[in-house]
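Here is what TrEMBL says about this protein:
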type	residues	note
DOMAIN	59-125	domain 'CBS'
DOMAIN	264-325	domain 'CBS'
DOMAIN	350-408	domain 'CBS'
REGION	1-27	region 'Disordered'
Amino acid sequence: MASSVQLRRENSMQESPRSPEARVGMQVEDLWDVQEPQLSPTEKLNACFESIPVSAFPPAPQGIEIKSDASLAEAVQILAQNKILSAPVVDVDAPEDATWIDRYIGIVEFAGIAVWILQQSEPPSPRSPSSPSGADFAVAANGITSAAGLGTLSPEDAAITSGNFFEALTSSEFYKKTKVRDISGSFRWAPFLALQKSNSFLTMLLLLSKYKMKSVPVLDLGDGKINNIITQSAVIHMLAECTGLHWFESWGTKKLSEIGLPSMSLKQIITVHEDEPVLQAFKLMRKMRIGGIPVVERGGKKAVGNISLRDIQFLLTAPEIYHDYRYITAKNFLIAVKKYLEKHDKRSPMLSGMITCKRDKTIKELIQTLDLEKIHRVYVVDDEGNLEGVITLRDIISRLVHEPRGYFGDFFDGVLPLPENSRV
């Protein structure tokens with residue numbers, strides 16, 4: 001028995017890439033082989049991941065941090081240059097011997113910066129006092145109306161937010177002087193919830209799936225600093241590297257329909273029509289707290305593209321892409337971004353467009369597609385190409401493990417409270 005297990009392991013190692021992620025997969029393989037036979041496959045996986053410390057997860061290539069006194073413009077530049085969508089914020093006023101809770105004030109994202117700025121461009125409510133900075137910005141941005149905020153957007157509103165609006169926004173003193181710490185508690189400002197290196201893979205996987213965290217920092221309590229940041233995408237990459245391993249194949253060869261995917265039906269999917277303003281898409285994502293939205297034909301069920309929260313970076317880093325469009329509709333936004341990337345970043349995953357699949361695809365095939373294309377969601381379509389559902393990275397991770405009763409206990413009691421007025 002032992003010799004056959006060892007032989008299978010050697011064969012699997014030859015078939016699987018010899019990467020750090022594949023070596024983690026081999027740890028799961030070893031644990032899988034010794035689990036009690038009466039356990040179900042899901043229970044086996046839970047037990048395996050509970051036995052592996054999160055410190056075994058390969059470190060992320062970049063450890064970028066943003067200081068709390070950095071301006072929004074500086075933060076955007078740091079994120080763009082490093083091709084990342086978010087970074088932890090270090091409190092510059094914290095003492096050198098501060099604990100991790102006092103050292104970090106949260107995680108800032110491209111989307112949080114962009115949406116917060118657009119909110120500030122709204123006229124102040126007559127019932128509430130306006131902040132001087134907000135008033136100054138409204139003037140700097142040529143008196144932008146509520147088209148930039150939460151109201152219903154018409155094609156006329158879209159015209160207001162073209163060309164000059166974004167150039168005025170990114171060149172304004174408001175944008176250059178407002179500090180990252182000033183937007184603490186705004187949209188998509190993530191409270192700082194971190195894991196210790198001794199916490200398990202199971203805890204990490206549950207936080208990224210059931211508890212909807214996009215990324216999980218891993219702390220070294222010795223120096224109170226972040227040792228690693230594990231993202232949903234990194235977990236999917238790890239799974240893709242486990243191809244050929246027995247535990248992965250037994251799970252990954254199942255069809256999507258067999259494991260309950262897509263979990264969201266067509267009626268539950270939030271969409272935006274191709275002729276609606278692109279800001280309507282971002283508004284809907286903000287309101288519904290979702291990371292992406294399909295662009296569909298007017299009067300039809302076919303999706304023509306996908307807009308995600310990471311696309312909002314183009315509102316801040318490439319305002320010139322809108323000069324050729326009177327109305328920034330969702331369709332024109334997709335066209336403009338594609339042209340811009342073809343000229344400036346031909347390796348961008350956004351150039352691949354909208355990725356679709358059928359219900360008879362296996363979970364393994366889907367994972368390989370998501371990892372290869374570096375995307376966060378795939379849309380499920382029927383034989384005619386009509387939209388039927390959507391599957392996200394979180395959906396996949398949630399099918400890998402389940403939360404045992406009472407698993408977290410008082411785990412969340414010591415978590416840094418949400419900033420005042422937080423809307424996360």
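One-based numbering along the chain as shown.
Glycine residues also receive a Cβ, built from the backbone N, Cα and C atoms like all the rest.
Unlike curated entries, TrEMBL annotations are predicted automatically.
As the structure is a computational prediction, the values presented were derived from the model and not from experiment.
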Helix-strand-coil residue split for the domain 'CBS' (350-408), DSSP-based: 22 helix, 15 strand, 22 coil
Structural state census, the domain 'CBS' (264-325) (DSSP three-state): 27 helix, 17 strand, 18 coil
Helix, strand and coil residues within the domain 'CBS' (59-125) as assigned by DSSP: 25 helix, 14 strand, 28 coil
